[in-house]
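Peer 1: Below, the features straight out of TrEMBL:
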DOMAIN    4-62  domain 'Tudor'
REGION    52-137  region 'Disordered'
COMPBIAS  66-75  compositional bias 'Low complexity'
COMPBIAS  76-95  compositional bias 'Basic residues'
COMPBIAS  99-110  compositional bias 'Basic and acidic residues'
COMPBIAS  124-137  compositional bias 'Basic and acidic residues'
TRANSMEM  205-224  transmembrane segment
TRANSMEM  244-267  transmembrane segment
TRANSMEM  288-307  transmembrane segment
TRANSMEM  319-338  transmembrane segment
TRANSMEM  449-469  transmembrane segment
TRANSMEM  475-494  transmembrane segment
TRANSMEM  515-536  transmembrane segment
TRANSMEM  556-575  transmembrane segment
């Protein structure tokens, strides 16, 4: 196996594909199989180059200076430019007979050409005056009209024939042609580079299976929670009749909920902020009014309860609501993929542009699908599913009180509702922070996010509350206090870590952040090595997992089903962490390796 010549992080000169131009690049990685270097240009473009297309900066500069100093034509040109025409040159060499003959021939050619130009000029003058010359006495009127429209045509021909155009003009034409060629090469290369090469989730086969596996998982969990003994040994649970899974009224209520949240999203309240720059430099605008929508929704729910509306209707038809949400998310995903086929290349998602139908349908083909100013992905990310999660939890609390004839909800149900209400309120209060997440900046809007936002979040995240309705669990006040402290610790880590990151991204020079140390990167951003980000690489994920555990503990230890959320959350965050590691390594290169040496633990300190 040949030894690699250039190290990661080394700044070298890389040849742009399809041209002879070299640009300054930084080596980010090396593939031992293909023997290709991944390099990063100053504009952020990453390409794979052969070793023969890379030069060290020292050899490139030496070669350039040597060629420029050894060129006799450039030396003579520079001397002639620096010397005034009227001043005699010192020590001028005597010209050889061959050079004198060459000069005589050149003068003769110029004189002949001047005579030809003079003759053409005379003929043109005669033509303008309506006087045909001796060679053009026939069809004089036609010649006059032709020469009035193109008077310099023959002069142009002579100039082309004798190559008498100024050298500056020729060089300018060559430069314009070269720039056009390079621009076309760059466009072709960028179009090829924008294709998704690394497929996640098992590629085409894996994403095809997930389209069916994810809905089946949701329905399995809900069916198990309805069993008297939700043990894994009772698999599979009895399946309900197909006609009982669908009800038009339930689907209508779901549509009413979805469009109510869309109406609240369009209200002209809250500030308007810009997202991160897109690939074409544009910045989309987003209205931050999620918390206002949450408050207005709470007021609407309170009004319904005041007029004796039975909110536990959601519990009685929970499976039908899940089926309605799944059907709607599938229809929405099909619409999103069809409209993405007409989207320009720069509006497609970096992670969902593989060219494979199933993979792009699942991960999302278009990055920011919008209907006017209505951003579909941003709306679904926080509104109908996240706020619906809180409404479902409240419905479960009321259903528990009705089924068990309680005047007050159980302590376990109160803890689950309170912890998850805090989490949702925090997400909506800090809505602007979601604009920097990979869901918004990298992932397209397809089946994965549509199903996740509209089905998985409200119907799986509320699993603990749904479980407690049919399987009440009594806990003591000391246990409740300990679980509350655990949730507060997780929330504190989660919120303080995210605040450190967001504040540092907005204004690294803020005096309040002077205590934070960071490693500078080639992109101009810094990697924090103090605070929570110097403790583990993803402290926000650590806080998430601690909170997920606190949400499940009120359900007791009789069954593992309520802890599915914790297991799922750990798997999800480990996957996201691996994806973040790969993305950061490509983006930051050598600086990320230094950061990993400085902060060795990823999520769990001293463990992982």
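Every residue, even glycine, has its Cβ placed from backbone N, Cα and C.
Bear in mind that TrEMBL entries carry predicted annotations, made automatically and left uncurated.
The structure displayed is predicted, hence computed values, not measured ones.
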Peer 1: Are the transmembrane segment (319-338) and the transmembrane segment (556-575) close, by which I mean at least 3 Cβ pairs under 8 Å that are 6+ residues apart in sequence?
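Peer 2: Output no: the transmembrane segment (319-338) is apart from the transmembrane segment (556-575).
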Peer 1: Taking contact to mean three or more C-beta pairs under 8 angstroms, with sequence separation of 6 or more, is the transmembrane segment (205-224) in contact with the transmembrane segment (288-307)?
Peer 2: no
Peer 1: Quick one: average pLDDT across the domain 'Tudor' (4-62), no decimals.
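Peer 2: Summarising the domain 'Tudor' (4-62) by its mean pLDDT gives 81.
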Peer 1: Short question: which residues 6 or more past the ends of the transmembrane segment (449-469) have a Cβ under 8 Å from it?
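Peer 2: For the transmembrane segment (449-469), the nonlocal Cβ contacts are 214-215, 218, 221-222, 225, 230, 258, 315, 318, 321-322, 325-326, 328-330, 332-333, 336, 364, 377, 380-381, 384-386, 388-389, 392-393, 396-397, 399-400, 403, 410, 412-413, 416-417, 420, 439, 443, 551-552, 554-555, 559, 561-562, 564-565, 568.
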Peer 1: Which sequence positions outside the transmembrane segment (556-575), separated from its termini by at least 6 residues, show Cβ-Cβ distances below 8 Å to it?
Peer 2: 221, 224-225, 230-232, 412, 460-461, 463-464, 467, 471, 473, 475, 538, 541, 544-545, 548-549, 603
Peer 1: Count up the helix, strand and coil residues in the domain 'Tudor' (4-62) according to DSSP, in that order.
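Peer 2: Breakdown, helix to coil: 9 helix, 27 strand, 23 coil.
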Peer 1: Same chain only, please: residues at least 6 beyond the ends of the transmembrane segment (475-494) with a C-beta under 8 Å from a C-beta of the stretch. Say none if there are none.
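Peer 2: Distant contacts of the transmembrane segment (475-494): 411-412, 415, 419, 422-423, 426, 532, 539-540, 542-551, 553-554, 556.
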